[in-house]
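As annotated by TrEMBL, region 'Disordered' applies to 1-26. Annotation comment: TrEMBL describes 41-193 as domain 'RapZ-like N-terminal'. Summarising the annotation, TrEMBL assigns ATP binding site to Gly47, Met48, Thr49, Gly50, Ala51, Gly52, Arg53, Ser54. Marked as GTP binding site by TrEMBL: Asp98, Val99, Arg100, Gly101. Here TrEMBL flags 200-319 as domain 'RapZ C-terminal'.
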Amino acid sequence: MSASTPPPERSRKADMAAQLGPGVEDTGEFPAVGSSDQLGELVVVTGMTGAGRSTAAKELEDLGYFVVDNLPPELVTEVVRLVDEQKGRDQPIAVVVDVRGGTSFHSLREQLAQHLPTRRTSMLFLEADDDILVRRQEAARRPHPLQAGGRLIEGIDRERSVMTQLRGDADVVIDTTPLNVHQLKDKVAQAFGDPGTTALKVTVVSFGFKYGVPVDADLLADMRFLPNPYWVPELRDFTGRDDDVAKYVLDREDTQTFLERYVPVVQTVGEGYLREGKRFMTIAIGCTGGKHRSVAMAEEIAARLRTLGLDAQATHRDLGRE
């Protein structure tokens, strides 16, 4: 297919790249392989050493892709088959390939078309200016894979020459020269994330202090300032998920005051996390045993966060331990 002829079908996510702003090109060169909406997308990630392939791969993993790094091109189709068998055919897959010493990407494209004719495929190419690549490679304190004992810039020149054809074949080209890690992750998320997948995912976990504080908590709140339903005989054997216990905990002025003040704090922190490129937050809500107060409050906090548009769910670490 020539560069001047538009492909018969383009990846729906690659089409978004034109809206991503400076530093991103939607080349439209690499045709989607198939068009089945029942199959997860395959994203092939490649580009210059030091341009951010590992960062892009980590972001794709956060977006729900099954990611395989440093995969020889000739193994891509086999890996896709294995993932389909183990994870299901709707599982999106991302592979980071290095084609400098083996099969060309054109050969890979032919393999995909032959062996995975219904798989929707996109290619992401990452690049940066020479001075930026030199700086990043020196910071990593690792030799360039094509340096071959010579100067670093010579290795970069060789790689850029080899990668010229690949760049022209890519759906999306991102120049990472002006981007920090968080900005690059945002570009990848905008190009390859379904609507809603880039939102902050919040887990509100209840726990009992007697069993220890969750080690992965970003925020922690202590509910032991509230009356304990344990001392109410008719409530003792129930949990915070039961209506009577929840009503006992929630129908209090001090409880409502706490919720009205705490939930906006969580929202503010969450907005900051997103700006910093963090997409997961864990809020630990504790009481003595993790059965009554913390459970009811975790459920209520998660529900209120959902009304604010956050992807929040409540889990209960210690429920049932007594």
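Residue positions begin at 1 at the first shown residue.
Cβ from N, Cα, C; glycine included.
A map of TrEMBL features onto the structure.
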residue	record	contacts (Cβ under 8 Å, 6+ apart)
Gly47	ATP binding site	Arg53, Leu124, Phe125, Leu126, Glu127, Met163, Leu166
Met48	ATP binding site	Leu126, Glu127, Ala128, Leu133, Ile156, Glu159, Arg160, Met163
Thr49	ATP binding site	Leu133, Gln137, His144, Pro145, Ile156, Glu159
Gly50	ATP binding site	Ala128, Ile132, Leu133, Arg136, Gln137, Ala140
Ala51	ATP binding site	Leu126, Glu127, Ala128, Leu133, Thr176
Gly52	ATP binding site	Leu126, Ala128, Ile174, Thr176, Leu179, Val181, Leu184
Ser54	ATP binding site	Asp69, Val96
Asp98	GTP binding site	Thr46, Asn70, Pro72, Pro145
Averaged over the whole of the domain 'RapZ-like N-terminal' (41-193), what is the pLDDT?
-> 84
Per DSSP (helix/strand/coil reduction), Arg53 (ATP binding site) sits in helix
Three-state composition of the domain 'RapZ C-terminal' (200-319), taking helix and strand from DSSP = 52 helix, 26 strand, 42 coil
Environment of Gly47, Met48, Thr49, Gly50, Ala51, Gly52, Arg53, Ser54, the listed ATP site - residues of the same chain whose CB lies within 8 A of the CB centroid | Leu126, Glu127, Ala128, Leu133, Thr176
Measure the Cβ-based neighbour count of Arg53 (ATP binding site), defined as the other Cβ atoms within 10 Å of its Cβ.
-> 22
